[in-house]
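K.L.:
Can you read through this structure? Questions will come right after.
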Protein chains: 2
Amino acid sequence: MTQSFRLGVAGLGTVGAAVVRMVARRAETLSAATGRAIRVTAVSSRDRGRDRGLDLTGITWFDDPVALARSGEVDAVVELIGGSEGAAKAVVEAALAAGKHVITANKALLAHHGAGLAEAAEAKGVALAFEASAAGGIPIVKALREGLPGNAVNRVYGILNGTCNYILTRMELEGLTFEACLKDAQALGYAEADPTFDVEGFDTAHKLAILTSLAFGTTLDAEGVSVEGISAITPLDLTMAEELGYRIKLLGVAQIAAGGIEQRVHPTMVPKSSSIAQVMGVTNAVTVDADAVGELTLIGPGAGGEATASAVVADIADVAAGLVRPAFGRPTARMQPASRVEMQRHEGGYYIRLTVHDRPGVAAGVATRMAEREISLESILQRRSERAASQDPHGRSGQPVPLVLITYAATEGTIRAALDAIAADGLLAEAPQLIRIERE
Amino acid sequence: MTQSFRLGVAGLGTVGAAVVRMVARRAETLSAATGRAIRVTAVSSRDRGRDRGLDLTGITWFDDPVALARSGEVDAVVELIGGSEGAAKAVVEAALAAGKHVITANKALLAHHGAGLAEAAEAKGVALAFEASAAGGIPIVKALREGLPGNAVNRVYGILNGTCNYILTRMELEGLTFEACLKDAQALGYAEADPTFDVEGFDTAHKLAILTSLAFGTTLDAEGVSVEGISAITPLDLTMAEELGYRIKLLGVAQIAAGGIEQRVHPTMVPKSSSIAQVMGVTNAVTVDADAVGELTLIGPGAGGEATASAVVADIADVAAGLVRPAFGRPTARMQPASRVEMQRHEGGYYIRLTVHDRPGVAAGVATRMAEREISLESILQRRSERAASQDPHGRSGQPVPLVLITYAATEGTIRAALDAIAADGLLAEAPQLIRIERE
């Protein structure tokens, strides 16, 4: 047997502690799979005094994670500090510069600095591995990087944020508001005290940028992702979705379109019969549409200490076994520049919920503005409130009532122009709600 | 760039032709991913004259596939002949003996001779790769072998045969008999003229044996799989399943049990809300239950030329990139012997459909025999036929009527003993139908 493979773990939070335990617990399997003993030889964390329930006997403690990254005692550095800048970035850069392999779960770091880090890894002939950075315990990075080289990918999309899916699931099943579900998610530890990063879609955008690069061989372009969160979704939207045969999920979608690649994160209507619609609670899922396999869907845990550690340990085993392949599936010099496609040019079906004044001719006025722009309507649903109906059974109460349209494929620019015209006609009592539809 | 990676493809059926085309079509991506140009340099097939629509210019033709396997012109042999013996086995053995990597889609060969072939590959330090052998285009071999080394797997189960799932889906959706659906499947090319291998579960058993070895690190034991097919499933069973909240799928299941590993293939009731229950038509799916990730499900195409070629080409890229890891995740010397657990000791819930004589006291007699063996019943459903009801509205017609029981967990031995006692009591008009229940 060759020399043992020595790991330095920077960051001993939930995931870091789980990695240290897992490497010890699975020692036999890891050595059988890789041909080498794998050992954690060094760790670093902010608070040395904290009891993590870990046996750190024989493991060197570093107060400074950058010193750990440079240490002669480690062959690979496992970065679990988090954040796109600061200590995490310094650790990864120092490790690569010192010719050490890097394994990280840090999606923000990769989304913003992935190309430069991949280049640094290539220059030194070491691995930059990040299975845990997207969709947690689901081996989607491996599937895209190594499992589909025979395929041209057309689209990759998924539920990449457990917090949002948990909130949407509870809103749907219990008829609750976004605010009420968020509060519960915070109480249960599924959402942060400041939930913006999750619920406004930025976390999903980081993960999507990584998957896009792997799927299409393009340079990372996190800034090019169009992002919209779930905070504006109402119980009424979920009820209407249910009636129309859809569920609402926060999806990250990357797709080949005319002139480039669309990258978008937004609440999405998905057909109730689709695999992705069945994914409830904190679970994640990713679907790949590709020319040879058709549709491939992976469903599993998107977060959690053990599930994330599972992905980190899979990377550790790959690297220990000598797998050093280009981080994003191809050398950075051969990655294609990412051509952005603006959302105005996105073409698809739309759910549009208008709040109109209850009076004769409003639906006709709305439909006319759509028809003028050649937007075809699949359904139009008018739902008068009981209050409006009690005030005037003939539909002339003037009360605000919902009017829901489902369109066939149209560009977002056209849809928005039609909505502007409808607003200018004075037909709307509130700003319109617009949710994109994604079909299988 | 290093020397190009030269492939010899033995077998030019649907999959073989798709592989030759895919390697050419994806040349740029394959070289970017692996650092080498990948070329098909030799092919072999039975009928040289047949037009396959392939450009074989510059590719050496071998009438004898074993000569191709030994040829100095190839670095790796892609075996797509099929069958557990004969030419396929000779080709793979000759290639490994000559120190060439082998990529194969041949589940029968692996299920029966996998251990010996893995040993031969190890002895020469070459790869034996077989992603396409189980669940076609789904990268489940990679996921089990490389994606989950941090996990102790508890259970792996899946829909591994598209023909059976197609038949069960149509039976369910259209209320048709097994025979009628089989005929349609044959007409559409989803089932062979002799369908035994698929519909009686043997194909699923071969694939399951491969997944079991990968999941648990045990030696292959295809003979140890308990196998039952779908030909005895009736439209009534599917109707009852629907009413009780289940769907019926042919599953392959491998699971840790007291004293060893259960390997079983049988029609199974799965909860309608489970991911696996959503899988309809020829699609395959595999779920892995493991301690760190919890539940991971992969859904995709189980067969078809392009989808299977996708898996073969992924293996080609891995091998070209220098990935030579133990075929079944660990060296053959470190694989654990497979301890069989007999089906009599299987513990689970059961759906039991009895055909009893319509007369008073029958349900009580059945329930008593169950209670004597401490089998608890979750539901008991008596369904009188219209004919029986019209003959005697008081339930004394003596006509055969179905009586369906759903049990809580019990061992199969106990269930069978109770059914024997019920039969001895003269309560049954027909042999009982027994379908195992698999919960998430």
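Including glycine, each Cβ sits where the backbone N, Cα and C put it.
Sharing the features that TrEMBL gives for it:
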{"type": "BINDING", "residues": "B:Ala10, B:Gly11, B:Leu12, B:Gly13, B:Thr14, B:Val15, B:Gly16, B:Ala17", "note": "NADP(+) binding site"}
{"type": "BINDING", "residues": "B:Lys107", "note": "NADPH binding site"}
{"type": "BINDING", "residues": "B:Glu192", "note": "L-homoserine binding site"}
{"type": "ACT_SITE", "residues": "B:Lys207", "note": "active site, proton donor"}
{"type": "DOMAIN", "residues": "B:351-440", "note": "domain 'ACT'"}
K.L.:
Same chain, not part of B:Ala10, B:Gly11, B:Leu12, B:Gly13, B:Thr14, B:Val15, B:Gly16, B:Ala17: whose C-beta falls within 8 angstroms of the C-beta centre of the NADP(+) site? Give them in sequence order.
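P.N.:
Neighbours within 8 Å of the Cβ centroid, excluding B:Ala10, B:Gly11, B:Leu12, B:Gly13, B:Thr14, B:Val15, B:Gly16, B:Ala17: B:Val9, B:Ala18, B:Val19, B:Ser45, B:Leu80.
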K.L.:
Take the Cβ of B:Gly16 (NADP(+) binding site) and count every other Cβ within 10 Å, whichever protein chain it belongs to.
P.N.:
27
K.L.:
In sequence order, which residues at least six apart in the same chain have a CB under 8 Å from the CB of the residue listed as 'NADPH binding site'?
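P.N.:
Long-range Cβ contacts: B:Phe130, B:Ser133, B:Ala134, B:Asp203, B:His206, B:Lys207, B:Ile210.
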K.L.:
Within 10 Å of each Cβ, count the other Cβ atoms, then let me know which of the binding-site residues B:Ala10, B:Val15 comes out lowest.
P.N.:
B:Val15
K.L.:
DSSP secondary structure for B:Thr14 (NADP(+) binding site), reduced to helix/strand/coil, please.
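P.N.:
SS state of B:Thr14 (NADP(+) binding site) = helix.
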K.L.:
Going by DSSP assignments with H, G and I as helix and E and B as strand, what are the residue counts for the domain 'ACT' (B:351-440)?
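P.N.:
Taking the domain 'ACT' (B:351-440) as a whole: 30 helix, 29 strand, 31 coil.
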K.L.:
Return the residues near B:Thr14 (NADP(+) binding site), defined as same-chain residues 6+ apart in sequence whose C-beta is under 8 angstroms from its C-beta, sorted by sequence, else 'none'.
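P.N.:
Expected: B:Gly304, B:Gly305.
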K.L.:
Rounded to the nearest angstrom, how far is the Cα of the residue listed as 'L-homoserine binding site' from the Cα of B:Leu12 (NADP(+) binding site)?
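P.N.:
Counting only the Cα atoms, the answer is 19 Å.
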K.L.:
Quick check for the class: what is the C-alpha distance, in angstrom and rounded, between the residue listed as 'L-homoserine binding site' and B:Gly13 (NADP(+) binding site)?
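P.N.:
Counting only the Cα atoms, the answer is 15 Å.
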K.L.:
Among the binding-site residues listed here, B:Gly11, B:Gly13, which has the most company in the form of other Cβ atoms within 10 Å of its Cβ?
P.N.:
B:Gly11
K.L.:
Check the DSSP secondary structure of B:Glu192 (L-homoserine binding site), expressed as helix, strand or coil.
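P.N.:
The three-state answer is coil.
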K.L.:
Mind telling me which of the binding-site residues B:Leu12, B:Ala17 has the densest Cβ neighbourhood, counting other Cβ atoms within 10 Å?
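P.N.:
Buried the deepest by this measure is B:Leu12.
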K.L.:
Look at each of the recorded positions, B:Glu192, B:Lys207, and point out the one with the fewest other Cβ atoms around it within 10 Å.
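P.N.:
Fewest other Cβ atoms within 10 Å, among the recorded positions B:Glu192, B:Lys207, is found for B:Glu192.
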